[in-house]
Amino acid sequence: MLKKVMNNSGLLVGIIGLIIFMFGLVETDVTQKNLIVFFATFFLFLSAVIQKEPFFSGLQGIAFVSATMVFFNFPQTYNLLVFIILAVVFSIFYFSKYKINIARVCAFVGLVALCFGILLGRNEPMVVCGIVLAIYAMFSIKEGYSVGWVFLILNLLFSVVAVNALFGFI
């Protein structure tokens, strides 16, 4: 019973985070967008932690730290440095703890693509990131993490936004 309650509450928190994130997609004021992303990443991080989904907990934890640094106007150089250090530390911890399989290869490629996209300021790696993390989310769903649905939708949106930034469809 408790597991079902935690599972449902984690999913609800994730859906709230996803909805907040979607408001951030259309916001044009940078200050407001930073505030929206701050809250969205917090709720998404919390949802993964509630369900104890190990990869998305770590990834969203890193995203939340980064969003916090942006919100409090830390210089971008510091934010990038902290992001990369956290990504490397998380990768070492996560990938040494869990067996390598197709799902975790997708997770690793997504994390590396995210790092390259942020470091280079390019959308091509972000498209790759969104696609392979969406694939990982499907494996997460298969393992019983309902919050994987939230991350599947989030990463598909992430890919669409990156493709749109590249080709200007909308």
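Heads up, residue numbers simply count up from 1 along the chain you see.
Glycine residues also receive a Cβ, built from the backbone N, Cα and C atoms like all the rest.
Annotation comment: TrEMBL describes 9-26 (among others) as transmembrane segment.
A Cβ distance under 8 Å defines the sequence-distant neighbours of the transmembrane segment (32-50), meaning residues of its chain 6+ beyond its ends; these are 6, 9-11, 13-14, 16-18, 20-21, 23-24, 56-57, 59-61, 63-64, 66-68, 70-71, 147, 150-151, 154. Annotation comment: TrEMBL describes 32-50 (among others) as transmembrane segment.
Summarising the annotation, TrEMBL assigns transmembrane segment to 78-95 (among others). Within the chain, the transmembrane segment (78-95) has long-range Cβ neighbours (under 8 A, six or more residues past its boundaries) at 54-55, 58-59, 61-62, 65-66, 69-70, 104, 107-108, 111, 114-115, 118-119.
What TrEMBL lists as transmembrane segment is 102-119 (among others).
The list of residues near the transmembrane segment (148-169) in space but at least 6 beyond its ends in sequence, with Cβ under 8 angstroms from a Cβ of it, reads 11, 14-15, 17-18, 21-22, 25, 44, 47-48, 53, 56, 110, 117, 123-124, 126-127, 129-131, 133-134, 137-141. Residues annotated as transmembrane segment in TrEMBL: 148-169 (among others).
A Cβ distance under 8 Å defines the sequence-distant neighbours of the transmembrane segment (9-26), meaning residues of its chain 6+ beyond its ends; these are 33, 36-37, 39-44, 46-51, 146-147, 149-151, 153-154, 157, 161.
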